[in-house]
Structures are given as C-alpha cells and as structure tokens.
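Okay, structure first, notes after.
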C-alpha cells in the first residue's frame, strides 16, 4: 500500500481493528477522527454483515462487467463518456467492497466467474441494440440495486444505526450514485426502447 493509500484508509483500519490510531504502512501514525461507530469484527451481526458485503460486492462486480460490455460496443460513440463516468463510479464501489471484504474476512460469492461472463454479455448485448438498449439496461439494473441498498439500510437501521454508521454511510452514498445512473439512463433515451 502506498503512503497515500495508507493515509486514506483510517476508516478501513477502524472498521477492521476497532483501533483509534492505527499505524500506517509508512511507519507513522494515521490520524483518525475522534468518533468511531465502534463497528469491529467482534461486535457486529456477522451473518448480516457477511451477507451484505458479499451480495454488494457481487452486485458491484456484475455492474462493472456490464459497463465494460457497454463500453466495448459504445465506447467511441456520443454516449461513451456518459457510460465511462458511470463505470468509474462503479469501479470505486467495487474497490470499497473489496476493502470491506478483506476487513471483515468475507469470502466472495462462488458465482464470480458467472457474473464475469454474464455481466459483460448483458452489457455488450444491450449495447448492440444501441444507446437506448444500453440505457434501458442501466435503468433496470440501477433501479434493482437501489431497491436492494434501501433494504440493507432498513436492516442496519433496525439492528443498530450507531454501530453500523460507517457501513450505512457507504451504502447510502452508493445507493444515491446508483439512482444518479438510473436518472442518466432515463435522460439518454432509455424509455424509447421498443417504441
């Protein structure tokens, strides 16, 4: 991990170890904010957290593959920059869930090879229908993901919103970005498929 990566990871260290002032990879202390949600490996509902992280990781991986397929077909068209922007956000989502998987020792789904192939095929296949097909796929997928994130938010809020504060912040942020993708798809003629 680079020094910049170590400095950017205090939240991850706090989540993983429950530490307030972890050592960085660069040999010094990393400053963290004084308030911590207290979410550690020992005090969370492991089954719920494992399920949430595993499912979200798989979903973000699948979304990355869908956008890769769309870019393979439409990357050099007028909608290419829009798809690239959404894909870049999905890459950030996947990166965060990769970090959380390590921090909470969550195994990925055994369906990863399936999501790899099917996600790319879905993205490329809908993109072959044109910009409208790709955007219709984006709208449908992002709507489903946002609904899923909302269910997870409800579950964590019912369990203990203070304890799961940091995970809730991640999920809420990603849900909002997925809804932005949904709206971008609508703005770029997703509704005109089949008309």
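Backbone N, Cα and C atoms are what each Cβ position is placed from, and that goes for glycine too.
Automated prediction, rather than curation, is the source of TrEMBL annotations.
Database features (TrEMBL):
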BINDING   60, 90, 93, 178  Fe cation 1 binding site
BINDING   90, 142, 178, 181  Fe cation 2 binding site
Excluding near sequence neighbours, so keeping only residues 6 or more apart in the same chain, what lies with its CB under 8 A of residue 90 (Fe cation 1 binding site)?
60, 63, 64, 67
With an 8 Å cut-off on Cβ distance to the 60, 90, 93, 178 Cβ center, who else from the chain surrounds the Fe cation 1 site?
59, 63, 64, 89, 92, 94, 145, 174, 177
Binding-site residues compared (60, 178) - highest count of Cβ atoms within 10 Å:
178
Residue 142 (Fe cation 2 binding site) to residue 93 (Fe cation 1 binding site) - Cα separation in whole Å:
13
Using a 10 Å radius around each Cβ and counting other Cβ atoms from all shown chains, which of the binding-site residues 93, 181 yields the largest count?
181
Note down the number of other Cβ atoms within 10 Å of the Cβ of residue 142 (Fe cation 2 binding site), including every protein chain shown.
24
Whole-number Å distance between the CA of residue 93 (Fe cation 1 binding site) and the CA of residue 181 (Fe cation 2 binding site)?
13
For the Fe cation 2 site given as 90, 142, 178, 181, which other residues of the same chain have their Cβ within 8 Å of the site's Cβ centre?
63, 86, 89, 138, 141, 145, 146, 177, 179, 180, 182
